[in-house]
Each structure stands twice: as C-alpha cells, then as structure tokens.
Amino acid sequence: MGGAGGPAGFYVGLGLALASSAFIGSSFILKKKGLLRLCRHGRARAGQGGHAYLQEWLWWAGLLCMGVGEAANFAAYAFAPATLVTPLGALSVLVSAVLSSTFLNEQLNVHGKIGCILSILGSTVMVIHAPQEEEVSSLESMAEKLKDPGFIVFAVCVLVSSLLLIFVAGPRYGQSNVLVYVLVCSAIGSLSVSCVKGLGIALKELFSGKPVLKEPLGWVLLVCLVICISVQINYLNKALDIFNTSVVTPVYYVLFTTAVMMCSAILFKEWQHMVLDNIIGTISGFLTIVSGIFLLHAFRDMPFTPDLLPLFLQQARADLHTSWRSADRHQSCQHQPLLPSEDKGSESAEEEEEEEGESV
C-alpha cells in the first residue's frame, strides 16, 4: 500500500470515501423530499427553471449532507488516488436506492437488490486492484501536470461538450432524456475532482509550513472548484426534479466515475504504475459496478413474478410444488390418528344394521 501517507494514508482515504458515500446517498433523498414538497404546494419546479427550492429546509438539509459528504470526499482525495476514491461512490447509489424505497416509496425489486450486491462486489474488486502510488505531491508538480497537452485537450473537450449540452441539447431534450443534465454534471465533475486533488495537496503543504497562500495556483483551483460545484448542483437539481431518483443516481454514478477515471488517467497518470493484472482487475470491477447499476435502475418498475422465469425453471418450480403437496398428503396420512378410523368403522356397521332392520 502506498499513497500520500503510506498504508495509513491509504486506509484513511478509504474510510473517508466510505463516509462520503453514506452522506451523499442520503443527500439525494433529502433533496428529493424537499422538491416533492414544493411540487405539492404548487411552487415553481427546478426542472422548469424555478429556484423556489432555496426556501425549503429539507433541500438545505440535503445540501448540507452533500456538503459533508463532499468534504469527506475532498479529504479522501488528499490521501488516496482518484482511481480508488471515485469508484466507491457506488455505495452512495446503494444507500440512495435503499432509502428511496423506504422514504420515497420507490420500488426496489429483486433486480435492484442484485444490482446493489454487484455494486458492492465491484467496488471491493476495484479497491483491491487500485493504484497505490501517489503521482503528485506538491503544487509545483501539479502545475506541471496541468500544462500537459493531453489534459488541456481533455479540458477543452469537456467545456465545449458541456456548453453544447446546456444551450443546444438542454432546451430540446432535457425534459425527456436523463442523460442531458447528468452528462453536464459528470463532465464538469471530472474537472472538479482535479481541483479537489490540487487543493488537497495545497492544504497538506500549508499544514507543513509552506507559504501556499502566496501561490496563485491554489486560488485558481479554489475558484474553479466553486464554479464546477455550482454547475453540478444546478443541473443535478434539474435532473432530480424531472426524473426518478433511482434513475438519476445510478446514471450519474456511471458517467461521473467514467469521466473521473479518464481525467485521472490523463492528468495524474496513475495507471502507469499498475501491472497488467491490476489493470484488468480495476476494469473488471468497474464493469461489474456498471452491470449492478444497470440492474438497479433498468428493471426498477418490473415486478418479479414466477411468470418471468424461463420455461425450464417454471417447470422445475411446478414439479417442486407438486412433490411438496404429495409429501404433505403422505405426511397427513402417516399422522392420522387411529381412533377416528375405528369410529368410522363402528358408524358404518351401525348404518348397515339399521338398513337391515328397515328391510325386515
């Protein structure tokens, strides 16, 4: 185990990432409850451009919960690689799915439960195979990374695609396609993770006594982070107001994680320190999470009944029930008391005698 603080730093980052998932998953539920209360009172909805949710305390509670989760996430990036921290956001999907079925009366069928299990297993695999080296340890090295032509091209593509989604695709397809607003959150979120990573390094240097406050890069990263988070909150609210929570949360996770892993591979080049089996394990774990997320939301409204089973399983189930019923009948015959049978024999003999008397 490597990282910013050795094995201890790795586990600190892991613990902070787990706490972050719990808070962020809960924040979706609180914010959705606040938006639903606004809808019941006939206020202007966020999906229609309204900002009445700013007067709803439940929404602010959700925002506070998300802030705590993001702060924990912020700290986790300072101790562990982004390729480790980001995939653990799958646990926020699990928390959100379970809580939405409890507090929002949204269905979580057997497909969703299997999806939650797959998400946990995939996250575990990714933690095991995640990169253990820390590539950037100072603001000077961070500045060199930001000047890399590959990252500049990536950042330009993210900004251009986000502007196209906001001003071109949003007015046309934002009300009918969940990907429009969620793609904006995910793309901008990948840049916010880079800012968080840089600020985490700056804070560590500040605590070690270096004059970080005089460095302009730290302030630039802080301003960029505030802008990115503001955009994320705005368009995530629109997506939550229009679409089901069990749809928005998983799709947001998949797209956000993919974007962050791409950004991390380009900017920090963490994958260069990974051997082939760890690369395969990381990709396999991520695909397992994606499969679980797909099960979690693709079949959310489909009730699981025996009719959905394959024919051979339906036949096996019918044979099993038949054997159970025959076994129950056999068991009832074995446990039938003897006295009632004797009573029945005496009753039949008395009936025969009465018939003979009548015939005489």
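Using the three backbone atoms N, Cα and C, a Cβ is placed for every residue, glycine included.
Whatever TrEMBL says is automated annotation, not expert-curated.
Annotation source TrEMBL lists transmembrane segment at 12-30, 57-79, 85-104, 111-130, 150-171, 178-202, 217-235, 247-267, 279-299. According to TrEMBL, the feature region 'Disordered' maps to 328-360. Feature annotation from TrEMBL assigns compositional bias 'Acidic residues' to 348-360.
Just going by CB pairs under 8 A, the stretch in 12-30, 85-104, 178-202, 217-235, 247-267 that sits most against the transmembrane segment (150-171) is 178-202. Using the rule of three or more Cβ pairs under 8 Å, pairs at least 6 apart in sequence, the transmembrane segment (111-130) is not in contact with the transmembrane segment (217-235).
Taking Cβ pairs closer than 8 Å, the transmembrane segment (85-104) reaches residues 13-14, 17-18, 20-22, 24-26, 28-29, 32-33, 36, 69, 73, 76-77, 112, 115-116, 119-120, 122-123, 126-127, 130, 193, 245-246, 249-250, 253, 256-257, 260-261, 264, 285-286, 289, 292-293, 296 in its own chain, all 6 or more past its ends. Stretch with the most C-beta contacts under 8 angstroms to the transmembrane segment (247-267), considering only 12-30, 57-79, 217-235, 279-299: 279-299.
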